[in-house]
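Record features (TrEMBL):
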{"type": "BINDING", "residues": "10, 11, 12, 13, 14, 15, 127, 137, 138, 200", "note": "ATP binding site"}
{"type": "BINDING", "residues": "31, 36, 57, 58, 59, 85, 86, 87, 88, 92, 161, 172", "note": "AMP binding site"}
{"type": "DOMAIN", "residues": "127-163", "note": "domain 'Adenylate kinase active site lid'"}
{"type": "REGION", "residues": "30-59", "note": "region 'NMP'"}
Ligand SMILES: [Zn+2]
């Protein structure tokens, strides 16, 4: 299957992408991984991306599209893939269509993870990270530490990343609404969109997604 995963920040997209890719035996292609791999391998696209990032500028779509195209042409992706973070605007979606057309293949589904906006803010703004080890993650409501502000695992001080402040989350949501949400309409016109609720336990959401994908394949 060839799937695009979309959803606002805080929808648990990365986690779901990893589970779904594993269940479906297809590679999980995330924009974050593409950037990291191209930059660490020093590819031409990686060098170009680096130059923009070093200047604090946005990486142009053509660079991101180039990286995605290279990755989709690798042997493990020939029979399917799950895209996470790409396309992130209508221009990229059109470029993806063109790439797929040139390979005479099509997308099977665009899985849209839906989360109410206030829930997104609560999920992200409640995160607390340990200063000693960023893998020690807590949540004010969903996974509170035993003592406020102190890491259960190592006793380190817990803090909120700048990226996770309510103000930043609202800005990220705004960017999502204006840039990324229009691709849902773009794909809806192609009859590809499958929307599921991303609320609840991670395993329940994965199950819901698998069911919805199966139904869309049959329908
Ligand atoms: Zn810790």
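Glycine is no exception: its Cβ is also placed from the backbone N, Cα and C atoms.
Location within the structure of each feature annotated in TrEMBL.
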{"residue": "10", "record": "ATP binding site", "DSSP (3 states)": "coil"}
{"residue": "31", "record": "AMP binding site", "DSSP (3 states)": "helix"}
{"residue": "57", "record": "AMP binding site", "DSSP (3 states)": "coil"}
{"residue": "86", "record": "AMP binding site", "DSSP (3 states)": "coil"}
{"residue": "127", "record": "ATP binding site", "DSSP (3 states)": "strand"}
{"residue": "161", "record": "AMP binding site", "DSSP (3 states)": "coil"}
Just how many other Cβ atoms lie inside 10 Å of the Cβ on residue 86 (AMP binding site)? 23
Which of 57, 88, 127, 161, the listed binding-site residues, has fewest other Cβ atoms within 10 Å: 57
Of the binding-site residues listed here (31, 57, 161), which is spatially closest to residue 10 (ATP binding site) when Cα positions are compared? 161
Pairwise over 31, 36, 57, 58, 59, 85, 86, 87, 88, 92, 161, 172, annotated as binding AMP, what's the top Cα to Cα distance to the nearest Å? 29
Just checking, which of 10, 14 (binding-site residues) has the fewest C-beta atoms within 10 Å of its C-beta? 14
When a 10 Å sphere is centred on the Cβ of residue 138 (ATP binding site), how many other Cβ atoms does it contain? 21
Could you pull the average pLDDT for the domain 'Adenylate kinase active site lid' (127-163)? 94
Calculate the distance in Å between the alpha carbons (Cα) of residue 86 (AMP binding site) and residue 14 (ATP binding site), and round it to a whole number. 12
Going by Cα-Cα distance, pick out whichever of the binding-site residues 12, 14, 127, 138 is nearest to residue 161 (AMP binding site). 127
Cβ contacts of residue 12 (ATP binding site) (under 8 Å, same chain, 6 or more positions away): 113, 198, 202, 205
